[in-house]
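J.: So TrEMBL lists these for the protein:
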{"type": "REGION", "residues": "1-30", "note": "region 'Disordered'"}
{"type": "TRANSMEM", "residues": "75-93", "note": "transmembrane segment"}
{"type": "DOMAIN", "residues": "75-230", "note": "domain 'Sodium/calcium exchanger membrane region'"}
{"type": "TRANSMEM", "residues": "105-127", "note": "transmembrane segment"}
{"type": "TRANSMEM", "residues": "139-162", "note": "transmembrane segment"}
{"type": "TRANSMEM", "residues": "174-197", "note": "transmembrane segment"}
{"type": "TRANSMEM", "residues": "209-228", "note": "transmembrane segment"}
{"type": "TRANSMEM", "residues": "264-283", "note": "transmembrane segment"}
{"type": "DOMAIN", "residues": "265-406", "note": "domain 'Sodium/calcium exchanger membrane region'"}
{"type": "TRANSMEM", "residues": "295-322", "note": "transmembrane segment"}
{"type": "TRANSMEM", "residues": "328-353", "note": "transmembrane segment"}
{"type": "TRANSMEM", "residues": "365-383", "note": "transmembrane segment"}
{"type": "TRANSMEM", "residues": "389-410", "note": "transmembrane segment"}
Amino acid sequence: METPQIEMGGFKVNSPQVPNGGLRPTVSSSWNSRGTVERAIKSIRIVVFTSKLNVLMPFGPASIILHFTTRRHGLVFLFSMLGITPLAERLGYATEQLAIYTGPTVGGLLNATFGNATEMIIAIYALKNGMIRVVQQSLLGSILSNMLLVMGCAFFAGGIVHRNKDQVFSKATAVVNSGLLLMAVMGLMFPAVLHFTHSEVRQGASEVALSRFSSCIMLVAYASYLYFQLSGRSNMYSPIGSEETPNEDTVEEDEEAEIGMWEAVTWLAVLTLWVSFLSEYLVNAIEGASDSLNLPVAFISVILLPIVGNAAEHASAIMFAMKDKLDITLGVAIGSSTQISMFVIPFCVVIGWMMGHKMDLNFQLFETATLFITVLVVAFMLQDGTANYLKGLMLILCYLIVAASFFVHVDPQS
């Protein structure tokens with residue numbers, strides 16, 4: 001059988017065809033590999049080089065080098081914290097890209113889950129090292145930071161941009177999340193009260209048993225909340241007086257994905273691995289950093305560590321508030337606090353149970369009282385369904401009081 005020929009510029013050359021009329025495998029595979037390489041380069045350019053925060057990425061490798069070459073734990077801690085901050089922001093970006101393909105409901109769940117991935121990874125590494133108080137205080141700090149600092153900055157920025165009106169959001173969403181946060185406070189309060197009133201049946205064992213039972217109940221409650229959200233009931237969470245009628249503006253606001261679905265999944269895996277790698281050095285340097293920087297471990301755990309994990313939430317919450325999308329801001333700030341209190345904390349208790357560590361819900365009296373008062377303040381701020389810059393400023397000032405309190409707080413010696 002003769003090889004088909006094509007005439008090109010007066011010359012006859014053999015055509016790269018096979019009998020069925022297709023291209024030869026070598027040619028098609030080279031084109032496929034070239035397309036794959038081009039997509040990979042484009043994806044790296046978008047994820048790595050488009051965010052200004054990524055200038056902090058070299059601090060991650062620098063912290064590892066410092067860990068092995070010096071004994072300066074304060075620098076290792078600061079460099080690890082700076083190195084993780086852009087990774088947390090990029091985790092949020094990759095999740096948002098994936099959410100475009102999965103739809104708004106599943107996307108909201110993904111945003112909340114991977115938005116808290118940094119806190120969860122740091123908590124698991126600290127738990128592995130037996131640093132139970134660091135786990136408790138860092139998770140408590142994430143809740144306080146989201147409810148007071150993140151939401152306060154979002155309300156303040158949104159109120160300044162839209163100073164001529166009160167911004168509105170769904171009261172139903174705020175009420176449901178406030179109820180879940182109060183349930184979490186109940187779960188944390190009873191083990192603490194049991195411990196400090198010395199009314200346990202078996203001292204030391206009863207509060208751990210109660211914590212494990214309450215954690216399982218809280219996980220069931222959170223799973224029920226997720227089912228409620230994913231079962232199509234989320235459309236009832238709309239601002240009072242507004243009707244959900246699609247218009248041209250909402251269609252135009254739909255975002256287009258900048259990277260593919262599997263590229264987003266790959267980036268999520270890569271970024272999560274890198275965050276977990278740096279978290280080990282961050283956790284190991286906490287106690288040394290406390291001595292070298294002359295800061296209490298409580299202040300580092302409650303105030304400084306959540307800054308790393310909440311970088312993505314902080315930026316996105318402020319951006320949505322400035323665009324007058326307060327419902328999304330609430331989903332980011334309060335939704336994240338709800339997930340940490342109702343899922344991440346009970347999950348850490350169960351993981352500690354499996355590891356053989358007595359991780360419990362007794363966060364000590366000072367921390368439990370701080371959380372209880374914070375939830376009450378935020379619930380009162382959200383009860384009327386409106387936001388303005390004054391409310392935002394009040395929440396920020398409340399956070400400064402909390403930060404000052406933990407700056408002078410030291411755990412009592414047992």
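Yeah, the Cβs are placed from backbone N, Cα and C, and that goes for glycine too.
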J.: Near the transmembrane segment (295-322), which residues from the same chain, at least 6 beyond its ends, have a CB less than 8 A from one of its CBs?
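T.: Contacts of the transmembrane segment (295-322) (Cβ under 8 Å, skipping residues fewer than 6 from its ends): 53, 77, 81, 84-86, 88-89, 91-93, 96, 115-116, 118-119, 122, 133-134, 137-138, 140-142, 144-146, 149-151, 153-155, 157-158, 161, 167, 282, 286-287, 289, 328-329, 332-333, 336, 367, 387, 402-403, 406-411.
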J.: Would you mind listing the long-range same-chain contacts of the transmembrane segment (365-383), meaning Cβ under 8 Å and 6+ residues beyond its ends?
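T.: 136-137, 140, 143-144, 147-148, 151, 169, 171, 174, 178, 181-182, 185, 188-189, 192, 196, 302, 330, 334, 391, 394-395, 398, 402, 405, 409.
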J.: Can you tell me which parts of the same chain pack against the transmembrane segment (389-410), counting only residues 6+ beyond its ends and a CB-CB cutoff under 8 A?
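T.: Apart from its flanks, the transmembrane segment (389-410) reaches 144-145, 147-149, 151-160, 163, 295-296, 298-299, 302-303, 366, 370, 374, 377-378, 381.
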J.: With helix taken as DSSP H, G or I, strand as E or B and everything else coil, how many residues of the domain 'Sodium/calcium exchanger membrane region' (265-406) land in each class?
T.: 119 helix, 2 strand, 21 coil
